[in-house]
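Taken from TrEMBL as is:
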type: ACT_SITE; residues: SER203; note: active site, nucleophile
type: ACT_SITE; residues: ASP227; note: active site, charge relay system
type: ACT_SITE; residues: HIS312; note: active site, charge relay system
type: BINDING; residues: GLU238, ASP246; note: Ca(2+) binding site
type: DOMAIN; residues: 385-483; note: domain 'PLAT'
Amino acid sequence: MHPLYEVEKRRHKKKRLVQSPNSYFMDVKCPGCYRITTVFSHAQRVVPCAGCSYVLCQPKGGKCRLTEGNTTDWVVDYSNIQTKFSLRTADEPEDDLCYLVPGQPETISQCNFNPDEQTFLVIHGWTVTGMFESWVSKLVYALYKREPASNVIVVDWLHRAHQHYPTSAAYTRLVGQDLAHFLNWIEAELDYPLERSHLLGYSLGAHVAGIAGYLTKKKVNRITGLDPAGPNFEYADEQSSLSPDDAEFVDVLHTNTRGSPDLSIGIKRPVGHVDIYPNGGSFQPGCDLHKAMYMIAAAGFKEMDQLVKCSHERSVHLFIDSLLNEHKQSLAFRCGAKETFDRGLCLSCRKNRCNTVGYEVKKVRSRRSSRMYLKTREIMPYKVFHYQIKLHFFSQKNISFTVQPVQVSLHGTQNETENIALVFEDRDSGQSLKVIVYVNIGELLMVKMKWEKDSYFSWSDWWGSSSFMIRKLRVKAGETQAK
């Protein structure tokens, strides 16, 4: 065997071959162009290439060898596609009643594919059970609820997703190629514009969507990454993972990025045009250990995986929420870091600094990905209302009320909220804090504040002041931008 590997450039750019001791040509059956790379020192994977100037396989399959040509000119052998494409219905979102089969145009009419409407492709991730999880049918239902005339296709790669995680992660390349062939076939068979296609990928499925978008002849309209998988992808190149170049617009929800980059279940780095980190992206309300232990006590250890996937899967339910609760859309705000957002410094909507979460996200394309943050409730609907409270005190160097918080009450035209605790960590004369309200209070009418000095003795009593005076108070509503 000859030690070679291929260094890929972006779409339509020429590729060059260089030597490497770890990658080799090998016997594979392929309808297109492949390169061989290593997953670990003892394992290899087959990775599809797009628009090759040099080809590692002949079009009819067989032994790999260096051949000039372009795979886009070949007639694809659809019999090699192992991924299945189930066109589900609004009446029976849980059932696979009809499959669209690439190369068999009669299945298009048999499945009642509507060529005049947009198409959603739902792509699952790694699976422990080898079966679809319950969120799949819920997402199908929500998509049809919002877009009744659309086509909702579930991309079924369960046989490859039900492997050891590293193996399934490597298979995303082949599944992505299968999906790209399917999209190219639909586009060619029906003259169906890929501008009507929206790929929604969860976990490993997000990278499948990205690879498919990279390999299609024409760009798909939109890819939504639902907490894209982190392990094996945190440092992957753009050709092997979801990236902004894979569609006209790529939006991403990050909901489980706890731990180091190598161990985080969800990918930490931004991989889209708009990357949204609900609750900082690392911990989702209601996904705590106490709740998981309650579920285990009630249903047994079969619910143990809920502790792991609760935050991970929250990305899907946030998107479902945006489909079903059309009048309760959550808003995210651009910010440099979670800590800055938590201080209430990033509630501006000027120059695309805020955006809707989920289905109705505003398609903002920029050179750099926009990191956006928001808080949510622990149950659907997830929407909360963000307020920024700025306090300016008369100059007092010895203000000390970090232990005993200030109680704030907001009163509006529609509702009111009582006793929100604010803790001022610094002793500066000016403070800015973020307040989360779970009800819509309407137009703000009045703000009440209450503070009592600690009743017990504290060393801070030696230098702390027993009172303070507010020079100015400003309140800003993030959702309405009213001040």
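Glycine too: its Cβ is placed from the backbone N, Cα and C atoms.
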The residue listed as 'active site, nucleophile' versus GLU238 (Ca(2+) binding site) - Cα distance in angstrom: 16
Separation of alpha carbons, ASP227 (active site, charge relay system) and SER203 (active site, nucleophile) (Å): 5
Candidate with sparsest Cβ neighbourhood (10 Å radius) among ASP227, GLU238, the listed recorded positions: GLU238
Least Cβ-crowded entry, counting other Cβ within 10 Å, from the recorded positions listed as SER203, ASP246, HIS312: HIS312
Confidence summary (mean pLDDT) of the domain 'PLAT' (385-483): 75
Inter-residue Cα distance where the pair is ASP246 (Ca(2+) binding site) and HIS312 (active site, charge relay system), in Å: 23
Distance [Cα-Cα, Å, rounded] between ASP246 (Ca(2+) binding site) and ASP227 (active site, charge relay system): 16
Reduced DSSP assignment, SER203 (active site, nucleophile): coil
Structural state of GLU238 (Ca(2+) binding site), classified by DSSP into three states: helix
